[in-house]
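K.L.:
Pasting a structure below so you can have a look.
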Amino acid sequence: MSTATTTVTTSDQASHPTKIYCSGLQCGRETSSQMKCPVCLKQGIVSIFCDTSCYENNYKAHKALHNAKDGLEGAYDPFPKFKYSGKVKASYPLTPRRYVPEDIPKPDWAANGLPVSEQRNDRLNNIPIYKKDQIKKIRKACMLGREVLDIAAAHVRPGITTDELDEIVHNETIKRGAYPSPLNYYNFPKSLCTSVNEVICHGVPDKTVLKEGDIVNLDVSLYYQGYHADLNETYYVGENISKEALNTTETSRECLKLAIKMCKPGTTFQELGDHIEKHATENKCSVVRTYCGHGVGEFFHCSPNIPHYAKNRTPGVMKPGMVFTIEPMINEGTWKDMTWPDDWTSTTQDGKLSAQFEHTLLVTEHGVEILTARNKKSPGGPRQRIK
């Protein structure tokens, strides 16, 4: 999936043995191979591949690295022929996969990229109902997720790179004895999703530098003692924010808030989308249809699927003990999306802005509990629109 090298930071070298990961964009697995790209070697770059077949299958994307003027320190676009919809572009090379201590419990995809238990559960197509002892553990994971997101959000400012934010999230996650759920999930290369401006979701942290006036979504997920937490918020970068960015972001924030108010036993998952889209439309925005909320807890993603758009046909009724996310992606322009050649980054087709907010929620006997709720010290928060 990602382009990774064997380079590690000095601190990592001092405390951990170097782990080698395949540099293939569609691979990224740990390997003991010593097969190196000869072109990279001439430029002082060490890029290792699993075998000849992996090298040949990934070479078309990998060769973009050879065009970097300053080796690993020089930022470059790995997809120079790709027609981006807006100004945000991939900025490579990606930093190497970050180390997770051996003693931290890991989900099954940490080893090979495949969430086998999740795939097996998907075939059952049932919505988990969690017991009190399980809910206690999910609540703890969500509390840690909120801590990590707030720490990363406090560093959002002009001049910081999305990769630096990823490093913060990674370090704060493992400091708490948790595993960053996105890392190696279907070979996703990072511990955080960072979505800037027209990026809807699943942005890969790289050398992109945040600028005054940007908006950036930080999507944090972690795995702690067998359970996942999932939350995200969109933050303003600096103070000089356009009225379009303010309206799109605040509309998304409000859409999540009104959807949460509907959550209680007996509410259908289908009706959430009707109210979300109504509010978005009233504010001259649209709702992304490709991605949806989902069950979370024992699994990173599971039933129910929760679309955020109107007139959807998703089945299911809320019952006490259900845990899921609501995460409306609201666009300034068209609802239609497109995906970059990295097979992850989703952006608006028209290059206009997108904003998202997400909470993990527990249905109680009489309503809902926001497991990932903000606290008084949480960075960010609403701002007044500009008329």
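Every residue, even glycine, has its Cβ placed from backbone N, Cα and C.
Sharing the record's features from Swiss-Prot:
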{"type": "MOD_RES", "residues": "S2", "note": "N-acetylserine"}
{"type": "ZN_FING", "residues": "19-73", "note": "zinc finger"}
{"type": "BINDING", "residues": "C22, C27, C50, C54", "note": "Zn(2+) 1 binding site"}
{"type": "BINDING", "residues": "C37, C40, H62, H66", "note": "Zn(2+) 2 binding site"}
{"type": "BINDING", "residues": "H202, H301", "note": "protein binding site"}
{"type": "BINDING", "residues": "D219, D230, E358", "note": "Zn(2+) 3 binding site"}
{"type": "BINDING", "residues": "D230, H294, E327, E358", "note": "Zn(2+) 4 binding site"}
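Quick one: how deep are these features, and who are their neighbours?
P.N.:
DSSP assigns C50 (Zn(2+) 1 binding site) to coil in the three-state reduction, outside any helix or strand.
Under the DSSP three-state reduction, C37 (Zn(2+) 2 binding site) is assigned to coil, being neither helix nor strand. When other Cβ atoms within 10 Å of the Cβ of C37 (Zn(2+) 2 binding site) are tallied across all protein chains shown, the result is 21.
In three-state terms derived from DSSP, H202 (protein binding site) belongs to neither a helical nor a strand segment and is classed as coil. A 10 Å cutoff on Cβ-Cβ distances gives H202 (protein binding site) a total of 21 other Cβ atoms nearby, all chains included.
Cβ neighbour count for D219 (Zn(2+) 3 binding site) (all protein chains, 10 Å cutoff from its Cβ): 22.
Summarising the environment of H294 (Zn(2+) 4 binding site), the number of other Cβ atoms within 10 Å of its Cβ, over all protein chains shown, is 18. H294 (Zn(2+) 4 binding site) falls within a strand when secondary structure is assigned with DSSP.
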K.L.:
Between D230 (Zn(2+) 3 binding site) and H301 (protein binding site), find the distance joining the two CA atoms and give it rounded to the nearest Å.
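P.N.:
Here the two Cα atoms are 10 Å apart.
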K.L.:
How many Å lie between the Cα of C50 (Zn(2+) 1 binding site) and the Cα of C37 (Zn(2+) 2 binding site)?
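P.N.:
If we compare the Cα positions of C50 (Zn(2+) 1 binding site) and C37 (Zn(2+) 2 binding site), the gap is 11 Å.
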K.L.:
Around C54 (Zn(2+) 1 binding site), how many other C-beta atoms are within 10 angstroms of its C-beta?
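P.N.:
A count of 20.
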K.L.:
Comparing the binding-site residues D230, E358, which residue's C-beta has the most other C-beta atoms within 10 angstroms in this structure?
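P.N.:
Neighbour-count leader: D230.
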